[in-house]
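*Asks:* From Swiss-Prot, for reference:
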type     : residues                                                                                               : note
BINDING  : LYS147, GLY148, GLY149, THR150, ARG151, ARG228, SER236, LYS353, GLY354, ARG355, THR356, HIS357         : 3'-phosphoadenylyl sulfate binding site
BINDING  : GLU169, PRO170, HIS171, PHE172, PHE173, ASP174, ARG175, LYS200, THR201, PRO202, SER203, TRP268, SER269 : substrate binding site
COMPBIAS : 83-96                                                                                                  : compositional bias 'Pro residues'
CARBOHYD : ASN258                                                                                                 : N-linked glycosylation site
CARBOHYD : ASN329                                                                                                 : N-linked glycosylation site
REGION   : 1-25                                                                                                   : region 'Disordered'
REGION   : 74-133                                                                                                 : region 'Disordered'
TOPO_DOM : 1-32                                                                                                   : topological domain 'Cytoplasmic'
TOPO_DOM : 54-390                                                                                                 : topological domain 'Lumenal'
TRANSMEM : 33-53                                                                                                  : transmembrane segment
Amino acid sequence: MGQRLSGGRSCLDVPGRLLPQPPPPPPPVRRKLALLFAMLCVWLYMFLYSCAGSCAAAPGLLLLGSGSRAAHDPPALATAPDGTPPRLPFRAPPATPLASGKEMAEGAASPEEQSPEVPDSPSPISSFFSGSGSKQLPQAIIIGVKKGGTRALLEFLRVHPDVRAVGAEPHFFDRSYDKGLAWYRDLMPRTLDGQITMEKTPSYFVTREAPARISAMSKDTKLIVVVRDPVTRAISDYTQTLSKRPDIPTFESLTFKNRTAGLIDTSWSAIQIGIYAKHLEHWLRHFPIRQMLFVSGERLISDPAGELGRVQDFLGLKRIITDKHFYFNKTKGFPCLKKAEGSSRPHCLGKTKGRTHPEIDREVVRRLREFYRPFNLKFYQMTGHDFGWD
């Protein structure tokens, strides 16, 4: 012990090169590649997760009609933007719906019109990119008609990846115009380049101020009107009101001013809404007929894919919604989409769709058809389309 070797070094003095060396740190390139690979794995996982609820289930299974949105849609329009919303430079006067008289006495405006039905529901992929896109004023609006099939048309269109629509009825151009366009825009869903923003409020078609107001927003707005046999539409309208207020008078008593003389009471909105030619005249003062598409409510039942093809063409969209998206629900008697938007499960519109209509006296129906016939013929001429109601 303590003996020194030649050269004056202790036996414990071992050359450093004989000791094990720590591994060299990985070069920066390896770290970057590892981080990039990890990020790619996370992105791929999120993409596949999103597609599981969206790519495999584009269409939505919904019945025809204009009722409330399917229950799976989450709320999105409950609040207005923070702070005081910008307003138009004037206080807009109350809109003047052409419906009046008995309708006001009955309080027949349904809850579906009075409050938002169900707000917009983004698909899983759009939720993943919720920070993307921007809110735009609508480029297309379904303006009517009540009980014509507007809800079904909107839900069918929402299957299309290039259509983004607000689920509730905004009622901006008839009830909330004084809140301003900034408030209206904030109700809309976010869209990406190439997507169309839409909304539907059937009461616009019978509101005198609506054509000028929409034109002031944009003269290029595309307008869609879903129309239906006015007699059937009136009975459906009455049936909806009856379900809310069972104590209202009979359809027959509301239809006539004087049944003996056969005078139809056009102050009742259920009758007045069906005078399509009269309402269309107001719209043609502000929009050319080429900017309006008239969809047959009857064909939405008998040939939904065909009617949706016309709508997609009108909106400049690729024909993605086709026959393969639909099946016929024998219980309800309506076509449905095979899969709901953002879901792999079938779903039809609510229980209020396909209500059984009350029995109406055949003589009343005959007189109503006689009343509507000249208006229908004029409507056919104005639109260039025979809807075959007579």
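A Cβ is built for glycine as well, from the same backbone N, Cα and C atoms used for every other residue.
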*Asks:* Pop the Cα-Cα gap between SER236 (3'-phosphoadenylyl sulfate binding site) and PHE173 (substrate binding site) into the table, whole Å please.
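*Replies:* Cα-Cα distance, PHE173 (substrate binding site) to SER236 (3'-phosphoadenylyl sulfate binding site): 25 Å.
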*Asks:* What is the one among the glycosylation sites ASN258, ASN329 whose Cβ has the most other Cβ atoms less than or equal to 10 Å away?
*Replies:* ASN329
*Asks:* Cα-Cα separation of LYS147 (3'-phosphoadenylyl sulfate binding site) and HIS171 (substrate binding site), in Å?
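*Replies:* Between the alpha carbons of LYS147 (3'-phosphoadenylyl sulfate binding site) and HIS171 (substrate binding site) there are 16 Å.
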*Asks:* Tell me, if you would, which residue among SER236, SER269, THR356 (binding-site residues) has the fewest other CB atoms within 10 Å in the structure shown?
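*Replies:* Looking at the binding-site residues SER236, SER269, THR356, the Cβ with the fewest others within 10 Å is that of THR356.
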*Asks:* What residue among the binding-site residues ARG151, HIS171 has the most other CB atoms lying within 10 A of its CB?
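*Replies:* The largest 10 Å Cβ neighbour count belongs to ARG151.
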*Asks:* Could you say which of the binding-site residues GLY149, THR201 has its Cβ with the most other Cβ atoms inside 10 Å?
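*Replies:* When each Cβ's neighbours within 10 Å are tallied, GLY149 tops the list.
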*Asks:* Within 10 Å of ASN329 (N-linked glycosylation site) (Cα-Cα), which of the binding-site residues GLU169, HIS171, ARG175, THR201, SER203, THR356?
*Replies:* none
*Asks:* Here are the binding-site residues: LYS147, ARG175. Which has the lowest count of other Cβ atoms within 10 Å?
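*Replies:* Candidates: the binding-site residues LYS147, ARG175. Fewest Cβ atoms within 10 Å: ARG175.
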